[in-house]
């Protein structure tokens with residue numbers, strides 16, 4: 001056992017399927033989603049930078065969300081595409097640790113960033129007179145920096161504790177990337193403490209931010225219901241609906257994966273949900289915001305005319 005523990009230098013990612021025909025089909029589908037993720041989020045980032053009308057707190061945080069989605073997908077998808085082509089089923093111990101570390105950082109950051117965006121919508125709708133005063137540039141930069149810094153701390157802690165466990169061969173990860181629960185199953189020791197820590201972090205960075213989001217939108221709903229104009233209703237709801245859609249997609253999948261009873265079994269259902277969570281959702285985010293946001297659509301038309 002000790003010999004196996006010291007000889008583990010790489011992991012084998014079993015991926016989604018061993019059927020060559022299905023792998024080729026999935027490769028084509030995932031390439032389309034990954035390309036749309038890169039192009040869509042990059043386009044949103046460029047539009048926000050170029051159009052002065054989008055230089056507001058709401059679009060500042062949306063810009064960070066676009067950067068986050070690009071990093072999030074790029075951490076897992078390229079290696080998965082190599083796996084589907086049969087060229088990269090193995091990953092080094094250091095590479096696996098890096099992938100796990102970055103995945104945790106990006107996921108935890110997005111949890112808090114979505115909560116910050118809901119607070120921005122709360123201030124804009126419920127207290128518009130003080131919105132510009134409270135959500136100034138300094139506050140926005142501080143909230144964005146805190147979102148990244150604290151998530152880096154907790155992501156690093158979880159990844160370090162997982163990688164310091166003793167592993168025994170054969171180290172076959174029943175997943176398409178180094179997901180932390182799938183890697184913990186390969187440890188030669190009791191991992192209860194690690195799983196308790198993961199659950200605790202989920203409570204802090206999934207349930208608590210989600211509760212803040214729900215409270216913010218309850219206040220927003222109460223404010224909107226006091227508006228007598230139908231046009232005012234439509235304008236306020238259209239501003240919030242895109243963010244609520246993204247919140248539902250992200251938090252719903254995340255809670256099911258890490259807090260639902262029986263999570264971490266690497267079942268086909270969990271792999272599909274994880275795929276939706278790390279590939280499909282980042283590709284849909286720019287589509288949701290651009291199609292449901294008048295200023296973004298106008299900025300896109302202006303950019304096309306300039307080109």
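Each residue, glycine too, has its Cβ placed from N, Cα and C.
What you see is a predicted model, and the numbers here were worked out from it, not measured in a lab.
Per TrEMBL, domain 'G-protein coupled receptors family 1 profile' is recorded for 40-289.
According to TrEMBL, the feature transmembrane segment maps to 20-50 (among others). Beyond the transmembrane segment (20-50), the same-chain residues lying 6 or more positions past its ends with a Cβ under 8 Å from any Cβ of the stretch are 59-60, 62-63, 66-67, 69-70, 73-74, 77-78, 80-81, 84-86, 279-280, 282-283, 285-287, 289-290, 296, 299-300, 303.
As annotated by TrEMBL, transmembrane segment applies to 57-75 (among others).
Here TrEMBL flags 100-119 (among others) as transmembrane segment.
What TrEMBL records for 139-157 (among others) is transmembrane segment. Tertiary proximity for the transmembrane segment (139-157) is limited to same-chain residues at least six positions away from its ends with a CB under 8 Å from its CB atoms, namely 57, 60-61, 64, 101-102, 104-105, 107-109, 111-113, 116, 197, 201, 204-205.
The annotation transmembrane segment is assigned in TrEMBL to 196-225 (among others). Counting only same-chain residues 6+ beyond the ends of the transmembrane segment (196-225), those with a CB under 8 A from a CB of the stretch are 108, 111-112, 114-115, 118-119, 121-122, 125-126, 151, 154, 157-158, 161, 180-181, 232-233, 236-237, 240, 244, 247, 251, 254-255, 258-259.
Sequence-distant neighbours of the transmembrane segment (237-260) (same chain, 6+ residues past either end, Cβ-Cβ under 8 Å): 65, 107, 110-111, 114, 117-118, 121, 124-125, 181, 198-199, 202-203, 206-207, 210, 213, 217, 220, 224, 270, 273-274, 276-277, 281, 284-285, 288-289, 292-294. If you look up TrEMBL, you'll see 237-260 (among others) marked as transmembrane segment.
Packing against the transmembrane segment (272-291) from elsewhere in the chain are residues 16, 30, 33-34, 36-37, 40-41, 43-44, 62, 65-66, 69-70, 72-73, 76-77, 103, 175-177, 179, 242, 245-246, 249-250, 253-254, 256-257, 297, 300: each is 6 or more residues past its ends and has a CB under 8 Å from a CB in it. If you look up TrEMBL, you'll see 272-291 (among others) marked as transmembrane segment.
Per-residue pLDDT, averaged over the domain 'G-protein coupled receptors family 1 profile' (40-289), rounds to 82.
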